[in-house]
Amino acid sequence: MTCKNVLRRNLHALSTNYNVHDFPSKTSQSYINYTRLLSSCKDFKYLLQIHGHLIVSGFKQDSSVNTHLVKSYSLFHKCDFARIVFDSTPNPHVVLYNSMIRAYTRTNQHKEALKLYYLMKERNLEPDKYTFTFVLKACTGVLDLEEGFLVHKQIVDKGLECDQFIGTGLVDMYGKKGELRLAREVFDKMPNRDVVAWNAIIAGLSQSSDPHEALEFFKSMRFSGVEPDIVSFLNLVPAVSKLADMDSCRSIHGYVIKRGFNEVLSNGLIDMYCKCGDALVARHVFDRVRVKNDVTWGTMMAGYAHNGCFFMVLELFDQIRNLNLKMNKVSAGSALLAAGEMGDLEKVKEIQDCVMQQYIDIDILLATSIMNMYAKCGELEKAKKLFGELPEKDLVAWSSIIAAFVQSGYPEEAVSLFRDMQTNCLRPNSITLMSILPACAQLSLLRLGKSVHCYALRANIDSDISTGTALVSMYAKCRFFRGALTIFNAMPCKDVIAWNALINGYIQNGFPYHAIEIFHELGLSEISPDSGTMVSLLQACVLLNDLDLGSYIHGQIIKYAFQSDCHVMNALVDMYAKCGNLSSAEMLFYRTDFGKDEVSWNIIISGYMHNGHAKDSISAFHRMRLENFKPNVVTIVSVLPATAYLAALKEGMAIHACIIRMGFQSNTLVGNSLIDMYAKCGRLNHAEKYFDEMEYKDTVSWNAMLAGHAVHGQGNRAIALFSLMQERHFEVDSVSFVNVLSACRHSGLVEEGRKIFDSMRENHRVVPDLDHYACMVDLLSRAGLFDEALEFIKKMPIKPDAGVWGALLSACREHSNVQMGEVALDHLVKLEPENPTNYVVLTSIYAQSERWNDADKTKSKMNERGLMKTPGCSWVEVNNQIRAFRAGDEYRP
């Protein structure tokens, strides 16, 4: 009542500020005049003046005038004013109720609309067809299916189900709630279907798991003689985008141009082409738009981000800044995502400044983009701080930050936040579960994953295709394939992503044969593989080192027309390189139609190194930079081993300078590679200096430094570093022990080596493997303890390999121990019958002992088998060029 009195006083004050002659006089015609004024009112302040004049003029509360007042206020989205008018009417009729319910639906106050509907029924007022039309919109808005069923039943009871407007409302409601079977039943019963009804069913089908149906209905609409409008095409965009159907995309584009909708639908066309993977055509559409608004810019930037064209996103952001254009949240979010992916913190600051200057509200979506960016750049504390400053942390906010940490490689933080969310009594939804399940998979937290699955069952959200796929992926990556297959087989509707989840699970756990079997099952289904399937299968070929299978998958790639997909082509180049067919990898990589990116260059650089072509690896790195591709961390980590392999110090130092310019010096992976490079290039002092200056060390950092000491024969320093590593609570792994034992054997530290080897099981629970046993055999036999070394080999719990016997044979040459050398060779010939090095070593032992006949016999055996020793090779930097020299070569400057 107080609000009403305040409003009346304010309206009274407004009315006195204007000439009374501007309004109708109090006559019988005045009601009609007032309704005309209200219907034509385009200014909210003028509407208040009319309302105020009605009050001060003493007109009685007329239901017709009040209905017009409610409608007018609703047009300005002023439901509080409309409700005061409604409540002041003594006995409101159905039309006034309809107007008020419609006002609530216009302002998305759907629950209030439903409350008023039930109040109307309590007062025994019979709803008409317009009431149901507005109520159905409210049911759609609250996404309450039970409420919708009740209203539908009342509609059937009144025989209004076949009404065109009500039928369309029912189709829209069921479509948006995913109940497409019910939507189609209602649609089929409608005797007359206009374009709005067709649009409603197409919109629902476009968002479904089978968007092909939306395209079929669009064709049926045209065959039925109903001409599509702008909304029809907009509703088709999600379907074509999901299908990535370029032919349909082009057909729609042609039809849009023919109908003259090109300018109006430009944003939809840009979005559709980008989702279909053709950002180039999308850019052509964007460039042809004469008047670009903030939505147009945002759509193009989001499209570039979707296709991984982050440089182009930032280029458009710079254009917006230079042209002083308005930027919306989509543009800002895309720019932040791009800057985060490129690790450009300076650009991030620039984008944030722009957001502040343009007074863009940092809502949950924009905050998520910023949190994602901080997480990707490793700034976890900043991401958490921003999350903590959010005024309201709803389920969307929690789900967003959990997903941000998972996607940025911080699953432990994501799990911690998920538990904090539960502490705050928030019940996760399907989006939250889809965010946390990948973290369970990455950390192999099967128990937590099962708990999440149980919750999904209780909440009845496990049947959702996205949740089901996430559960399949989690179980498969946790090696619980029985659970993964149970869920997979129980899924009522599978898409290619679900199949890919199972295939990826097998591959990541080292079961490529099972992945191939699942692929064959996919071929028997009606679902076609996508580019992700092909990438996974090529990884299986790498695991199997099966070039023939890789060639078959290459044929499938051509069959399904994935040659233009950059991710597929990168995986194909990687497969050929890792399976030993470097010429095919080079042929594909240097094809003119291959749209290379940074990943492509990284693959060819590492591919050269994988095949022992270190010089070509470095050349590819330089060519990458000449072609204006920006090296990233992976590039640096791929090329530094090549400089280490060639001991090319100047080349390594030049790359180090490049690292500093690009700001990668604080990256741990890069630091580890630099330590390794300097150590192998003979500059152990440089390696130690960089190691000491590293802010963030991991186990690999310590192992790299241990290996450096081992290579340079500094056993005591390696042991001291090994002790310091444990004191500082870094995890000591299998590689750590290999490195420190190697340092001991190079320095002849037998007793220290024994103690370290014994501590593996006793103190660190590390099970020795063949590398550790080979180190110990080498250590003992180099010290001349051949009997102990042989006894050590006999007591090994695993079968000795060529490395173990080879270590013994090498030591026999140092000590000219013919008898033990013959024993070692006897075992090596069985293990490596085609390796000439073993015969050469024994021949050398015979020669040292002046047993020339035995030396000649060994050479004869080697010749009989057709074995030839590969000449040794060295690389030397001459005039800033790396040259290879084999034994017997003469150096000519």
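Glycine residues also receive a Cβ, built from the backbone N, Cα and C atoms like all the rest.
As recorded in TrEMBL:
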REPEAT    93-127  repeat 'PPR'
REPEAT    194-228  repeat 'PPR'
REPEAT    293-327  repeat 'PPR'
REPEAT    394-428  repeat 'PPR'
REPEAT    495-529  repeat 'PPR'
REPEAT    597-631  repeat 'PPR'
REPEAT    667-697  repeat 'PPR'
REPEAT    698-732  repeat 'PPR'
REPEAT    733-767  repeat 'PPR'
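Broken down by DSSP into helix, strand and coil, the repeat 'PPR' (597-631) contains 26 helix, 0 strand, 9 coil. Proximity of distant same-chain residues to the repeat 'PPR' (93-127), defined by a Cβ-Cβ separation under 8 Å and at least 6 residues beyond the stretch ends, is recorded for 63, 66-67, 70-71, 73-75, 77, 79, 82-83, 86, 134-135, 137-142, 147, 154. Per DSSP, the repeat 'PPR' (93-127) is made up of 26 helix, 0 strand, 9 coil. Confidence over the repeat 'PPR' (394-428), given as mean pLDDT on the 0 to 100 scale, stands at 82.
DSSP places the residues of the repeat 'PPR' (495-529) in helix, strand and coil in these numbers: 26 helix, 0 strand, 9 coil. Within the repeat 'PPR' (667-697), the DSSP-based counts of helix, strand and coil residues read 23 helix, 0 strand, 8 coil.
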